[in-house]
Amino acid sequence: MRLHHLLLAVLFLVLSAGSGFTQRVRNPQSCRWNMGVCIPFLCRVGMRQIGTCFGPRVPCCRR
């Protein structure tokens, strides 16, 4: 019975951890929380866009 509870807890942990990666970054606070930085117009070389900060013209970029 203890093994059943352990497996259930592991399953819950795996499923809850993956749910955050499917949501897009849409504001400056969530950009910083996802290790990103708000840069006007375009992301710098070596960085990729992971969302937006204030609108479509300000992307959230991360290395």
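Glycine too: its Cβ is placed from the backbone N, Cα and C atoms.
These numbers come from a predicted model, not from an experiment.
Of the cysteines listed (CYS43, CYS53), Swiss-Prot assigns CYS43 as the disulfide partner of CYS61. Rounded to a whole number, the distance between the Cα atoms of CYS60 (disulfide bond) and CYS43 (disulfide bond) is 8 Å. Residues near CYS31 (disulfide bond) in space but far in sequence (CB under 8 A, at least 6 apart, same chain), listed by position: VAL25, VAL37, CYS38, ILE50, GLY51, CYS53, CYS60. Each of the disulfide-bonded residues CYS43, CYS61 was scored by other CB atoms within 10 A of its CB, and the lowest score goes to CYS43.
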